[in-house]
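*Asks:* Just lifted these from Swiss-Prot, have a look:
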SIGNAL    1-19  signal peptide
DISULFID  22-47  disulfide bond
DISULFID  25-32  disulfide bond
DISULFID  40-68  disulfide bond
DISULFID  74-95  disulfide bond
DISULFID  96-101  disulfide bond
DISULFID  119-144  disulfide bond
DISULFID  137-166  disulfide bond
DISULFID  170-191  disulfide bond
CARBOHYD  176  N-linked glycosylation site
């Protein structure tokens, strides 16, 4: 469960942006509030709120993050990744011209069944080469997503992460390699057609 929490916090940091100050707060749950603001850096251009949900049956939790974001991440708006083993990583992104953007709430997970496709599944922290397992795609999930990146902090090594699984559509994310002291790098974005499950003989 610790890995799920770390992934949740890192995923919203892969794209950082120049225009004004935004409220900054992070909290577990559905809401957060703070008097603290941050001046957006040169690559950031909008204030935004990301509501994350990570579930690994039978446990799930949500977190909320308000800060400066790049316009490319704002355009993503939402993501739903089935990482296998009854686990999901979901996000809702809302950006605005105000210092505080309201969160877009989650609808309930739709009832869906295996659709005959599968993808590699990974939810890895501290490595971009984590061990894979099979993610059985469900409902409209016919694409395989592969995201890898790192978070640069004050540690001797970068905090790496790798996410793979089934998704319904391919997100439009740009690679973001950073050389800043405290930055975020999205070093791999791949989206391919899911494979058909071959019936056993």
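Every residue gets a Cβ built from N, Cα and C, even glycine.
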*Asks:* List the same-chain residues at least 6 positions away in sequence whose Cβ sits under 8 Å from the Cβ of residue 25 (disulfide bond), in sequence order, or say none.
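*Replies:* 32, 33, 34, 36, 64, 65, 66 - these are the non-local Cβ neighbours of residue 25 (disulfide bond), listed in sequence order.
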*Asks:* Sort out for me which one of 22, 144, 166, 191 has the most neighbouring CB atoms within 10 A, since those are the disulfide-bonded residues we care about.
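*Replies:* That would be 166, with the most Cβ atoms nearby.
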*Asks:* Please name the residue among the disulfide-bonded residues 40, 95, 96, 137, 170 whose C-beta has the most neighbouring C-beta atoms within 10 angstroms.
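*Replies:* The residue with the densest Cβ neighbourhood is 137.
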*Asks:* Rounded to a whole angstrom, what is the C-alpha distance between residue 22 (disulfide bond) and residue 101 (disulfide bond)?
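*Replies:* Their Cα atoms are separated by 9 Å.
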*Asks:* Taking the Cα of residue 170 (disulfide bond) as the centre, which of the disulfide-bonded residues listed as 40, 68, 95, 144 lie within 10 Å of it?
*Replies:* 144
*Asks:* Please work out which residue of 101, 119 has the most C-beta neighbours within 10 angstroms of its C-beta, and give that one of the disulfide-bonded residues.
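*Replies:* Most Cβ neighbours within 10 Å: 119.
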